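Per TrEMBL, these features apply:
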- 12-31: transmembrane segment (TRANSMEM)
- 43-69: transmembrane segment (TRANSMEM)
- 89-114: transmembrane segment (TRANSMEM)
- 134-155: transmembrane segment (TRANSMEM)
- 198-225: transmembrane segment (TRANSMEM)
- 246-269: transmembrane segment (TRANSMEM)
- 281-301: transmembrane segment (TRANSMEM)
Amino acid sequence: MVTVGEISTWHSVIVGTISISLNSLLLFTICSRSLKVVGAYKYMMLATAALDILFSMVDMCASPTFASVDLLSSLLIVMGGFRFIPAKLGRILLIGFMFLLCQTIVTPPCLFSFRYLQICRSHFLSMYYHRLQFLLIIPVVISSSCCAMISFAAWPTKSDRKLFDGIASHINVDWNSPYLVASFHKYATSYDRAQSKVLMMATISLVVVMIVGLGWMVFCTKAIMDAAKQATDRKTRNLQVQLCRTLIAQSAVPFFFIHVPFYICILMPLMDWDTGMISDFLPFLFAWSPATNPLIVLYFVRDYRTFLLRKFIRFKYESSPTSSVFYVSKKKQTIG
């Protein structure tokens, strides 16, 4: 009988392949179709698409499930991907997934910040252009710090493995899979107490980052839309609005597909709630977020969409036998 874990794994592989293909297509489109009004922001779009590809690759291998259990008020992160991966490598993959997940939390505010500086503070951007690398370093530092705290708090000890091996094997996968476990109420040893305190710090940090990030994105959206309305050129104004809508949609998709389920899972142990059947559906949501982002960009940015359609129609026309015969006959008529 096929288990939910096996369905989740194959779903991650299929959707991950779609995501990698679509994001690769988006990378090609952005590199080929350089819009002047986008400017240096295209590098941020390229970085986002590359991160989505990496996220899909890790998700295909790990297919993690987050589950809250009432034992010690714990959060289990269980690997549900390929079974031939060794336990230590599986835990490293889960940590890599956690880093990329934290990165998806801090990336949208940075995208809004860059676009805000580009449109509303263009003089500042021109003066300090060479220092913009710090805008890329900040999210990496924040996500690395949060991931390091969660990894320290969630790396299972010997006592953890005795308590949670049986629970993890029945969460979504029904096999002895690698897992991470973070408990809020561990008091047996000084190391256990340190893990619990670090987990609490990581939870508070992630909640603060989310709240501050949402507030900042709302402010940037209003400022960008006001500046776009004041643009004299109609084409520039329309493209600015398209990019702003793209930013909003790109932030909304990971928020509802990844962040909300993750925050629910990480906060539920504090209230001694069990996720139950909810954990079975989390891998399905995680897989679709990076696959949806390129579709959003191509839908909202008309120039990119038109460029791809023209490429497709041109390729279809040039590869059809009728067009080749027409080209040869036309060439003969020209020679004659």
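Note: Cβ is positioned from N, Cα and C throughout, glycine not excepted.
Same-chain neighbours of the transmembrane segment (12-31): 42, 45-46, 49-50, 52-53, 56-57, 59-60, 63, 81, 283, 286-288, 290-291, 293-295, 297-298, 304, 307-308, counting only residues six or more beyond its ends whose CB sits under 8 Å from a CB of the stretch. For the transmembrane segment (198-225), the partner stretch with the most Cβ pairs below 8 Å, chosen from 43-69, 134-155, 246-269, 281-301, is 134-155.
Away from its own ends, the transmembrane segment (43-69) comes close to residues 5, 8-9, 12-13, 15-17, 19-20, 23-24, 26-27, 30-31, 75-82, 85, 90, 93-94, 96-97, 100, 103-104, 107, 110-111, 114, 136, 164, 167, 171-173, 250, 261-262, 265-266, 268-269, 273-275, 279-280, 282-283, 286-287, 289-291, 293-294, 297 of its chain (Cβ-Cβ under 8 Å, at least six residues beyond either end).
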